[in-house]
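Asks: After the structure tokens below, expect a handful of questions from me.
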């Protein structure tokens, strides 16, 4: 029998029913009791043996998480990297994906071990003013990402309709995906995960077809992955490759997705079992995303590297350039690109809606009906996107400028996801025996620092070329000072973390002392 103190509920009073949760108990997938040998395992102390059936039941959250590595913003980074730098940055794409995997595994660890997701924990651990700032920054990052994703879907719809559907109409059509999300969610988590798996498969098949049409050199691809190369001419693309991998809202999302399985966070064996399976499926999911990104990068490297138009290729005109380069074939490559882009845009916008619900509900503790939350979070992105589509639809160059600003917006927000995550996952008062050890802490903070510095370089490079005028410069400087001060505050919380707010949760995870 387990110690009596571990039998206490997650929250010691009626607040448990009042607080917002990622999933209701009736929505969670049952993963306990599916194997006969489980009765012989002390689930309070050790994880059950590996089971393929169990791995299948845990498969899903990692693939939803991986969609952020395949959104239209990432695809644009891929095609620009390939066109401008050729195969030379494939090694960086691999290492950036590995860094992203580390961050996402820490996010999953936090969600499984505590039974709460990152937004909920930020609400509990930070004072009111700080959590409001974190919420606003996260929402801004989500809106920026969603605009890129919705515009990407709208571009795909325009391609597939032979330009009969204008960009603004494509935005309206894409906005309806929140109803697809609500419809599928009513049929359960597994049906929703299966839908995303289909979209990922469509992306994989579309971009693999393009890879087959372009026929890049296998030797060049392998050398690009294994041999690091970096020059001053490709530094901007290198920064873009790393910068677009870590999406702030995706860190929050993954910590919530892993709670879709019924796991008792008080039972050490069950928590460890979940972490093992989630690590396997997340790794597989990001390997798939890496291969898809390789397909896109190498197709544009083979077709456009070293050409005069390499620097002018973007998401808007990529399909037309592909058509001119590779021609029609059995099925025009323009439409293959459009299908893959549409799958990327639709899947990422729906996961954006999903993330928006968790972020808003977690930070603000809102208990609203799902369709209300979906409409609210969808409106946050669709209204500004409609404005953007109407204003920028007339010029490819203006859309590229907008995309640069949106990349900057998301880069600014990265510390507001990474620093709280690393702070929380390192604390025994929150994680119990599942807190990360000193070595992993050092590695994680170094990775976070690297990502933040790289995105800082992107910001400096962007503002040095875009900011003109004394008034504008003064405003940017003031905002920069406030931004740095808040980051320093978050770091100070990580160093001098106050544990008294976490003591009420100290029994949610079995500590080594038990």
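Yeah, the Cβs are placed from backbone N, Cα and C, and that goes for glycine too.
Per TrEMBL, the features are:
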REGION    1-25  region 'Disordered'
TRANSMEM  55-72  transmembrane segment
TRANSMEM  84-107  transmembrane segment
TRANSMEM  165-184  transmembrane segment
TRANSMEM  196-214  transmembrane segment
TRANSMEM  234-253  transmembrane segment
TRANSMEM  274-296  transmembrane segment
TRANSMEM  334-359  transmembrane segment
TRANSMEM  371-392  transmembrane segment
TRANSMEM  404-425  transmembrane segment
TRANSMEM  437-458  transmembrane segment
TRANSMEM  470-491  transmembrane segment
Asks: Ranking 55-72, 84-107, 196-214, 437-458 by the number of C-beta pairs under 8 Å to the transmembrane segment (334-359), which range is first?
Replies: 196-214
Asks: If you count Cβ pairs under 8 Å, which stretch among 165-184, 234-253, 274-296, 404-425, 437-458 touches the transmembrane segment (84-107) the most?
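Replies: By the under-8 Å Cβ criterion, the transmembrane segment (84-107) pairs most with 234-253.
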Asks: For the transmembrane segment (234-253), which recorded stretch in the set 55-72, 196-214, 274-296, 371-392, 404-425 gives the largest number of Cβ pairs separated by under 8 Å?
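Replies: Going through each listed stretch, the top one turns out to be 404-425.
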Asks: Ranking 55-72, 196-214, 404-425 by Cβ pairs under 8 Å to the transmembrane segment (274-296), which is first?
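Replies: Maximum Cβ contact count belongs to 55-72.
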